[in-house]
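Structure first, commentary second.
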């Protein structure tokens, strides 16, 4: 049994467990992605082309971050509460594979929403995209980082507390991260904080992947994002290995 | 039958920290050999689940050793999990799957190859009479069927040690018999089976040995015959009183030692040599309409279990009452 086979079997397990909810989950993701675009469009009015591009290329990041930081911890908290996590942990499976298989499931669920969000953005704001060849691995990196942070949060906090945290995060991510608007509109202290948080680098990476002619990825941001990715995956794996 | 040790636990201690810190395991020694079914008895909070969770590396012991086929399970939880299959006390939620699909997937996740898993799944579904439910979505099957599915998931590609926590819960009497046969045959195939249960009466017929856990300690560990040996000359006598008999000052025959009294139901023990005398007396009580019915049975493991852990509990309750007073 190879690790890859085992991961795919676990993924199959998780995927089928969600089977009854799957259409609804995908639908909600699609709805959220489109609503983000149209909603921000209403807030801002008719944005000039550069702002429109910013908005259209920021929305996919919101979708990915929401799935990773909100849906993943909610599902993990649920499986902790219903007892299936403890049971799965008795299986002879390397701990990191739980993270990988969950991530695969959630990326697949987020994907239609992300794509339709991009399409909506292009249609609504009439912008031109120039996708970079590394857009797909960049998407996976953002997705992995967000899911690992969410995973760690849901493993370390009590389920009820983790659920509450996700509610707060939705609000913070939508309004107080430089994803859908440029960072220079924020107060200086918040800008400084975002230099060390993963959200701005995530947005920059997806943005420059979608519109590589208009945006570029600062090297520093990539380092910050990779550091978050490494730390959060290590943290989530540690949380899965932890013994009471 | 091989007698090779599969699970060896020595001096296992675990205390849960926190405000209401509990000494869940307080120096447990336990062995389960290949080919054996060992029953683990003890009421809620006796430390059974903590013990099991330490074997598969979900809980870290404070002290003591756990060896699985000679491998240190505390240092190598991954190796311990490879060698162990567990049916947890709570049912594994499998909504979205069918029993057959769930059993097959777990078998393959555990590393068995596709063809072997398919064959074994079919055999288990037949043996447990799950055929009619095998392809029904899990959200439509009853608790008993879900329980049996969880059992099959555990043993489809079993480790050398199989741990079953209350496998018979919710299972109907007919399928329960089939389940006991499967549990026995696991051991006969050379696995070591650790069976956590409250169902003393049924487990008695399947287990090779019984360990009784109380307050995190093993208070008895013997064969069923060994545990009941000291009660061999004793019979249990149960009596259902007629309404009003208690108020009329009803008493046991002097040869009966009272064990418990409930609402119009009395239980006592009687020495075998006095049994005939007590039966004659009880017939008279029935004729006089003071008793509705009575029964004499050989002392069972359940009696031993109650004797072992029940007394201490009554004592503990007495202490609490004193403190409260």
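Cβ coordinates come from backbone N, Cα and C, glycine included.
Annotation source TrEMBL lists domain 'ABC-2 type transporter transmembrane' at A:5-209.
The transmembrane segment annotation in TrEMBL covers A:21-45 (among others). Sequence-distant contacts of the transmembrane segment (A:21-45), counting only residues of its own chain at least 6 positions beyond either end whose CB sits under 8 Å from a CB of the stretch, comprise 15, 51, 55-56, 59-60, 62-63, 66-67, 71, 109-110, 112-114, 116-117, 120-121, 124-125, 174, 180.
Nonlocal intrachain contacts for the transmembrane segment (A:51-76), taken as residues 6+ away from its ends with a CB within less than 8 angstroms of a stretch CB, comprise 25, 29, 32-33, 36-37, 40-41, 44, 85, 102-103, 106-107, 109-110, 113-114, 117-118, 120-122, 124-127, 129, 139, 142-143, 145-151, 153-155, 162-163, 165-166, 169-170, 173-174, 179-182, 199, 202-203, 206-207, 210-211, 214-215. If you look up TrEMBL, you'll see A:51-76 (among others) marked as transmembrane segment.
Under the heading transmembrane segment, TrEMBL lists A:97-122 (among others).
Summarising the annotation, TrEMBL assigns transmembrane segment to A:134-154 (among others).
Here TrEMBL flags A:161-181 (among others) as transmembrane segment. Counting only same-chain residues 6+ beyond the ends of the transmembrane segment (A:161-181), those with a CB under 8 A from a CB of the stretch are 36, 40, 51, 54-55, 58-59, 61-62, 65-66, 69-70, 73-74, 76-77, 150, 153-154, 190-191, 194, 197, 199-200, 202-203.
According to TrEMBL, the feature transmembrane segment maps to A:222-240 (among others).
The list of residues near the transmembrane segment (A:222-240) in space but at least 6 beyond its ends in sequence, with Cβ under 8 angstroms from a Cβ of it, reads 89, 95-96, 98-99, 141-142, 144-145, 148-149, 151-152, 155-156, 195-196, 198, 201-202, 205.
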